[in-house]
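According to Swiss-Prot, the protein carries these features:
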BINDING   17, 18, 19, 20, 60, 64, 167, 173, 176  ATP binding site
BINDING   59, 79, 140, 141, 142, 143, 144, 145, 146, 147  UMP binding site
(Lines of atoms letter the chains of each structure in order from A and count residues from 1; the text may use other names and numbers.)
(Lines give C-alpha, C1' and ligand atoms only; values in the text may rest on other atoms or scores of the structure.)
Protein backbone atom coordinates (compact mmCIF):
# COMPACT_ATOMS: atom_id res chain seq x y z
CA UNK A 1 0.00 0.00 0.00
CA UNK A 2 1.02 3.58 -0.58
CA UNK A 3 2.19 5.53 2.47
CA UNK A 4 2.75 9.21 3.15
CA UNK A 5 6.48 9.00 2.48
CA UNK A 6 5.95 7.86 -1.09
CA UNK A 7 5.68 10.31 -4.01
CA UNK A 8 2.29 11.29 -5.40
CA UNK A 9 1.19 9.15 -8.32
CA UNK A 10 0.23 10.66 -11.67
CA UNK A 11 -0.86 7.28 -13.03
CA UNK A 12 -2.61 4.83 -10.73
CA UNK A 13 -3.49 2.15 -13.27
CA UNK A 14 -1.17 1.41 -16.19
CA UNK A 15 -0.95 -1.00 -19.08
CA UNK A 16 2.67 -1.94 -19.77
CA UNK A 17 3.52 -3.29 -23.22
CA UNK A 18 6.77 -5.25 -23.25
CA UNK A 19 8.06 -6.77 -26.47
CA UNK A 20 9.04 -10.40 -26.75
CA UNK A 21 12.35 -9.34 -28.27
CA UNK A 22 13.17 -7.38 -25.11
CA UNK A 23 12.85 -10.59 -23.10
CA UNK A 24 15.74 -12.10 -25.09
CA UNK A 25 18.26 -9.73 -23.57
CA UNK A 26 21.47 -10.18 -25.53
CA UNK A 27 20.47 -13.59 -26.83
CA UNK A 28 19.02 -14.32 -30.25
CA UNK A 29 16.15 -16.47 -29.05
CA UNK A 30 14.16 -17.35 -25.95
CA UNK A 31 14.03 -15.70 -22.54
CA UNK A 32 16.91 -14.19 -20.59
CA UNK A 33 16.16 -14.97 -16.91
CA UNK A 34 17.96 -11.83 -15.78
CA UNK A 35 15.68 -9.64 -17.93
CA UNK A 36 12.64 -11.44 -16.59
CA UNK A 37 13.75 -11.00 -12.98
CA UNK A 38 14.58 -7.33 -13.52
CA UNK A 39 11.13 -6.70 -15.02
CA UNK A 40 9.50 -8.51 -12.09
CA UNK A 41 11.38 -6.33 -9.58
CA UNK A 42 10.37 -3.14 -11.41
CA UNK A 43 6.74 -4.23 -11.40
CA UNK A 44 6.93 -5.10 -7.71
CA UNK A 45 8.16 -1.60 -6.94
CA UNK A 46 5.10 -0.14 -8.67
CA UNK A 47 2.71 -2.46 -6.83
CA UNK A 48 4.25 -1.46 -3.50
CA UNK A 49 3.68 2.18 -4.45
CA UNK A 50 -0.01 1.48 -5.00
CA UNK A 51 0.00 1.34 -8.80
CA UNK A 52 -2.29 -1.17 -10.51
CA UNK A 53 -0.37 -2.96 -13.27
CA UNK A 54 -1.64 -4.75 -16.35
CA UNK A 55 0.76 -6.16 -18.93
CA UNK A 56 0.80 -7.34 -22.51
CA UNK A 57 3.84 -9.25 -23.72
CA UNK A 58 4.83 -9.82 -27.32
CA UNK A 59 5.96 -13.20 -28.59
CA UNK A 60 8.73 -12.34 -31.02
CA UNK A 61 11.42 -13.94 -28.88
CA UNK A 62 9.84 -17.35 -29.42
CA UNK A 63 8.08 -17.10 -32.75
CA UNK A 64 8.13 -14.83 -35.78
CA UNK A 65 5.45 -15.49 -38.36
CA UNK A 66 7.18 -13.66 -41.20
CA UNK A 67 9.64 -16.45 -42.00
CA UNK A 68 6.90 -19.09 -41.98
CA UNK A 69 4.72 -16.87 -44.13
CA UNK A 70 7.49 -16.68 -46.71
CA UNK A 71 7.63 -20.47 -46.61
CA UNK A 72 3.94 -20.68 -47.44
CA UNK A 73 2.29 -20.96 -44.02
CA UNK A 74 -1.00 -19.04 -43.90
CA UNK A 75 -1.21 -15.72 -42.08
CA UNK A 76 -4.02 -16.88 -39.80
CA UNK A 77 -2.07 -19.97 -38.74
CA UNK A 78 1.05 -17.90 -38.14
CA UNK A 79 -0.85 -15.36 -36.06
CA UNK A 80 -2.36 -18.09 -33.91
CA UNK A 81 1.10 -19.53 -33.32
CA UNK A 82 2.28 -16.07 -32.30
CA UNK A 83 -0.57 -15.78 -29.82
CA UNK A 84 0.51 -19.04 -28.19
CA UNK A 85 4.05 -17.64 -27.89
CA UNK A 86 2.70 -14.73 -25.84
CA UNK A 87 1.08 -17.22 -23.45
CA UNK A 88 4.45 -18.92 -22.96
CA UNK A 89 6.04 -15.57 -22.12
CA UNK A 90 3.18 -14.77 -19.76
CA UNK A 91 3.71 -18.04 -17.89
CA UNK A 92 7.41 -17.24 -17.49
CA UNK A 93 6.70 -13.75 -16.16
CA UNK A 94 4.03 -14.98 -13.76
CA UNK A 95 6.53 -17.45 -12.35
CA UNK A 96 9.11 -14.67 -11.90
CA UNK A 97 6.55 -12.49 -10.11
CA UNK A 98 5.41 -15.29 -7.83
CA UNK A 99 9.02 -16.07 -6.89
CA UNK A 100 9.18 -12.63 -5.28
CA UNK A 101 5.80 -13.15 -3.61
CA UNK A 102 3.87 -10.93 -5.99
CA UNK A 103 0.44 -12.35 -6.92
CA UNK A 104 -0.24 -12.44 -10.64
CA UNK A 105 -2.98 -13.67 -12.95
CA UNK A 106 -2.80 -14.54 -16.63
CA UNK A 107 -5.93 -13.87 -18.65
CA UNK A 108 -5.88 -15.27 -22.17
CA UNK A 109 -8.00 -14.23 -25.14
CA UNK A 110 -7.81 -17.90 -26.20
CA UNK A 111 -9.29 -20.24 -23.56
CA UNK A 112 -6.75 -22.70 -22.12
CA UNK A 113 -8.53 -24.50 -19.32
CA UNK A 114 -6.17 -25.60 -16.57
CA UNK A 115 -3.30 -23.42 -17.81
CA UNK A 116 -4.48 -19.80 -17.63
CA UNK A 117 -7.73 -17.96 -16.97
CA UNK A 118 -9.94 -16.84 -19.86
CA UNK A 119 -10.06 -13.08 -20.38
CA UNK A 120 -12.91 -11.41 -18.51
CA UNK A 121 -12.93 -7.64 -18.24
CA UNK A 122 -14.74 -7.30 -14.92
CA UNK A 123 -12.64 -10.01 -13.27
CA UNK A 124 -9.47 -8.34 -14.57
CA UNK A 125 -10.45 -5.04 -12.96
CA UNK A 126 -11.22 -6.82 -9.69
CA UNK A 127 -7.80 -8.50 -9.72
CA UNK A 128 -6.11 -5.14 -10.34
CA UNK A 129 -7.99 -3.50 -7.48
CA UNK A 130 -6.88 -6.35 -5.22
CA UNK A 131 -3.22 -5.64 -5.95
CA UNK A 132 -2.61 -8.47 -8.37
CA UNK A 133 -0.62 -8.06 -11.58
CA UNK A 134 -2.75 -9.03 -14.57
CA UNK A 135 -0.95 -10.35 -17.65
CA UNK A 136 -3.12 -10.27 -20.77
CA UNK A 137 -2.06 -13.03 -23.17
CA UNK A 138 -2.90 -14.29 -26.67
CA UNK A 139 -3.34 -10.81 -28.12
CA UNK A 140 -6.93 -10.00 -29.00
CA UNK A 141 -7.59 -13.64 -29.82
CA UNK A 142 -7.99 -12.69 -33.48
CA UNK A 143 -5.52 -12.87 -36.37
CA UNK A 144 -4.35 -9.70 -38.16
CA UNK A 145 -4.13 -7.73 -34.90
CA UNK A 146 -0.78 -6.98 -33.27
CA UNK A 147 0.06 -7.20 -29.60
CA UNK A 148 0.38 -3.39 -29.66
CA UNK A 149 -3.27 -3.19 -30.68
CA UNK A 150 -4.11 -5.76 -27.99
CA UNK A 151 -2.33 -3.62 -25.40
CA UNK A 152 -4.28 -0.51 -26.36
CA UNK A 153 -7.56 -2.42 -26.43
CA UNK A 154 -7.02 -3.93 -22.98
CA UNK A 155 -5.92 -0.56 -21.59
CA UNK A 156 -9.15 1.03 -22.78
CA UNK A 157 -11.25 -1.86 -21.48
CA UNK A 158 -9.79 -1.79 -17.98
CA UNK A 159 -9.78 2.00 -17.73
CA UNK A 160 -6.00 2.40 -17.56
CA UNK A 161 -4.59 5.90 -17.26
CA UNK A 162 -1.92 5.31 -19.91
CA UNK A 163 -0.24 2.73 -22.14
CA UNK A 164 3.50 2.46 -21.50
CA UNK A 165 5.50 0.90 -24.30
CA UNK A 166 8.92 -0.34 -23.22
CA UNK A 167 11.51 -0.36 -26.01
CA UNK A 168 15.27 -0.46 -26.52
CA UNK A 169 15.49 3.25 -27.42
CA UNK A 170 14.74 6.32 -25.33
CA UNK A 171 11.67 7.49 -27.22
CA UNK A 172 10.32 8.09 -30.70
CA UNK A 173 12.68 9.43 -33.38
CA UNK A 174 12.13 11.00 -36.78
CA UNK A 175 14.30 8.21 -38.23
CA UNK A 176 16.24 5.21 -36.99
CA UNK A 177 18.85 6.77 -34.64
CA UNK A 178 21.16 3.79 -35.18
CA UNK A 179 21.26 4.48 -38.91
CA UNK A 180 20.79 8.25 -39.01
CA UNK A 181 22.86 10.35 -36.57
CA UNK A 182 20.70 13.38 -37.43
CA UNK A 183 17.50 11.70 -36.27
CA UNK A 184 15.44 13.91 -33.96
CA UNK A 185 13.90 12.59 -30.77
CA UNK A 186 10.42 13.86 -29.98
CA UNK A 187 9.33 14.76 -26.46
CA UNK A 188 5.66 15.02 -27.40
CA UNK A 189 3.62 13.91 -30.39
CA UNK A 190 -0.05 13.98 -31.26
CA UNK A 191 -1.78 10.90 -32.64
CA UNK A 192 -2.23 12.75 -35.93
CA UNK A 193 1.49 13.54 -36.15
CA UNK A 194 2.37 9.89 -35.60
CA UNK A 195 0.03 8.82 -38.39
CA UNK A 196 0.90 11.55 -40.91
CA UNK A 197 4.66 11.25 -40.36
CA UNK A 198 4.51 7.46 -40.48
CA UNK A 199 6.46 7.18 -37.24
CA UNK A 200 7.06 3.68 -35.92
CA UNK A 201 5.43 4.06 -32.53
CA UNK A 202 2.78 1.36 -32.95
CA UNK A 203 0.79 0.12 -35.91
CA UNK A 204 -1.88 2.47 -37.25
CA UNK A 205 -4.74 0.36 -35.86
CA UNK A 206 -3.38 0.76 -32.33
CA UNK A 207 -2.80 4.50 -32.76
CA UNK A 208 -6.28 5.09 -34.20
CA UNK A 209 -7.84 3.13 -31.35
CA UNK A 210 -6.03 5.28 -28.78
CA UNK A 211 -6.92 8.44 -30.68
CA UNK A 212 -10.61 7.54 -30.78
CA UNK A 213 -10.70 6.80 -27.05
CA UNK A 214 -8.25 9.45 -25.84
CA UNK A 215 -5.79 6.91 -24.43
CA UNK A 216 -2.30 8.46 -24.04
CA UNK A 217 0.87 6.52 -24.84
CA UNK A 218 4.39 6.83 -23.54
CA UNK A 219 7.35 5.21 -25.30
CA UNK A 220 10.47 4.80 -23.21
CA UNK A 221 13.70 2.87 -22.76
CA UNK A 222 13.15 0.06 -20.28
CA UNK A 223 16.87 0.10 -19.47
CA UNK A 224 16.68 3.68 -18.18
CA UNK A 225 17.21 3.75 -14.39
CA UNK A 226 13.94 3.59 -12.43
CA UNK A 227 12.04 4.40 -15.63
CA UNK A 228 8.67 3.04 -14.56
CA UNK A 229 8.79 4.65 -11.13
CA UNK A 230 9.72 8.00 -12.67
CA UNK A 231 6.90 7.78 -15.21
CA UNK A 232 4.10 6.96 -12.76
CA UNK A 233 5.16 9.86 -10.54
CA UNK A 234 4.87 12.28 -13.46
CA UNK A 235 8.40 12.62 -14.78
CA UNK A 236 8.66 12.84 -18.54
CA UNK A 237 10.69 9.88 -19.73
CA UNK A 238 10.88 9.16 -23.44
CA UNK A 239 8.10 10.34 -25.76
CA UNK A 240 4.47 11.03 -24.87
CA UNK A 241 1.77 10.62 -27.52
CA UNK A 242 -1.63 12.19 -26.91
CA UNK A 243 -4.32 14.48 -28.27
CA UNK A 244 -2.06 17.51 -27.90
CA UNK A 245 1.39 18.50 -26.68
CA UNK A 246 0.05 19.41 -23.24
CA UNK A 247 -0.84 15.78 -22.39
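The backbone N, Cα and C atoms fix where each Cβ goes, glycine too.
Swiss-Prot feature annotations superimposed on the structure.
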residue	record	Cβ neighbours (10 Å)
17	ATP binding site	26
19	ATP binding site	21
59	UMP binding site	26
60	ATP binding site	20
140	UMP binding site	19
142	UMP binding site	15
144	UMP binding site	11
146	UMP binding site	17
167	ATP binding site	21
176	ATP binding site	10
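Within the set of binding-site residues 140, 142, 144, 146, the entry lying nearest in space to residue 60 (ATP binding site) is 146 (CA atoms). The UMP site is set by 59, 79, 140, 141, 142, 143, 144, 145, 146, 147; from the centre of their CB atoms, other residues of the chain with a CB within 8 Å are 82, 83, 139, 149, 150.
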